[in-house]
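Engineer: My structure is below; once you've seen it, I'll send some questions.
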Amino acid sequence: MAAAKEKSDVLVNNEIHNCAELICSICRQLYKSGWVTGTGGGITIRTGDHIVIAPSGVQKEKLEVKDMFVMSLTTRDYLHTPKQNSKPSQCTPLFLSVYTSRDAYACIHTHSQEAVLLSNLFAQKTHFESSGFDVQRYIPRGSKKNGFYKFEDTIRIPFINNTAHESDLQSNLQKAINENPYTCAVIVRNHGIYAWGDSWEDAKMNTEAVEYLFHVFLRDYRIKHSKNCRFF
């Protein structure tokens, strides 16, 4: 990925600027939900051939438009880099895999506790499976083009193993995407999730729906396995 060249600031473009503002807003919401903490997690939104990416090493609840990186999806050149010493997101190679493999228009990477706990609970499983929840009606079969799940369907979200460096996850993520055409999310063990969508709205909703399933499942599991719980 080449460094940004001297050219007019693409952030003045209305669509790109709007994407940058949305990223700041969504990151604050993710922070309040406890799905990103400190500088962890990441998000990107695409408009045409331009992809706007939150930086690495910046607290997500304090992001501003000027902090964003902008890249050309076609050339992989950076069209805008922040003036301060910000680093491109370590998630960028994974975001690019999602964009090119699924023709997505946004991708969110959380560091939620629920995803981490779930990956430990199902340490021997290849997928998290869910069935019978009404929220499943809002989750697409990989893409809205394929329709949506019904509450009686079984949703299967693949697990992939974590790596020492975020960028090294790309091959694991790509394999999971290729082998699971009807998923819109992947769980990274002891790390978090990547969820995407046909628009930023879809990516946000898919993230929220998947995290909801994790939360409900874990609460149900705790109740059923707690020695202090009694049912009458």
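Just so it is clear, glycine is given a Cβ too, placed from its N, Cα and C backbone atoms.
From Swiss-Prot, for reference:
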BINDING   Cys91  substrate binding site
BINDING   His109, His111, His191  Zn(2+) binding site
Engineer: Ten-angstrom check, please: count other Cβ atoms within 10 Å of the Cβ of His109 (Zn(2+) binding site), all chains counted.
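Structural biologist: Result for His109 (Zn(2+) binding site): 30 other Cβ atoms within 10 Å.
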Engineer: Using DSSP reduced to three states, classify His109 (Zn(2+) binding site) as helix, strand or coil.
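Structural biologist: Once the DSSP labels are grouped into three classes, His109 (Zn(2+) binding site) ends up as strand.
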Engineer: Tell me the Cβ contacts of His191 (Zn(2+) binding site) under 8 Å, same chain only and six or more apart in sequence, or just say none.
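Structural biologist: Long-range Cβ contacts: His111, Ala115, Val116, Ser119, Asn162.
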Engineer: An 8 Å radius from the center of the His109, His111, His191 Cβ atoms defines the neighbourhood of the Zn(2+) site; name the other residues of that chain inside it, in order.
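Structural biologist: Once His109, His111, His191 are set aside, the remaining close residues are Val36, Gly40, Gly41, Gly42, Thr110, Ser112, Ala115, Val188, Gly192, Ile193, Tyr194.
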Engineer: To the nearest Å, how far is the Cα of His109 (Zn(2+) binding site) from the Cα of Cys91 (substrate binding site)?
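Structural biologist: Cys91 (substrate binding site) has its Cα 8 Å from the Cα of His109 (Zn(2+) binding site).
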Engineer: List every residue in the same chain as the residue listed as 'substrate binding site', at least 6 positions away in sequence, whose Cβ is under 8 Å from its Cβ.
Structural biologist: Gly42, Thr44, Ile53, Ser56, His109, Glu166, Tyr194
Engineer: When a 10 Å sphere is centred on the Cβ of His111 (Zn(2+) binding site), how many other Cβ atoms does it contain?
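Structural biologist: I get 21 for this one.
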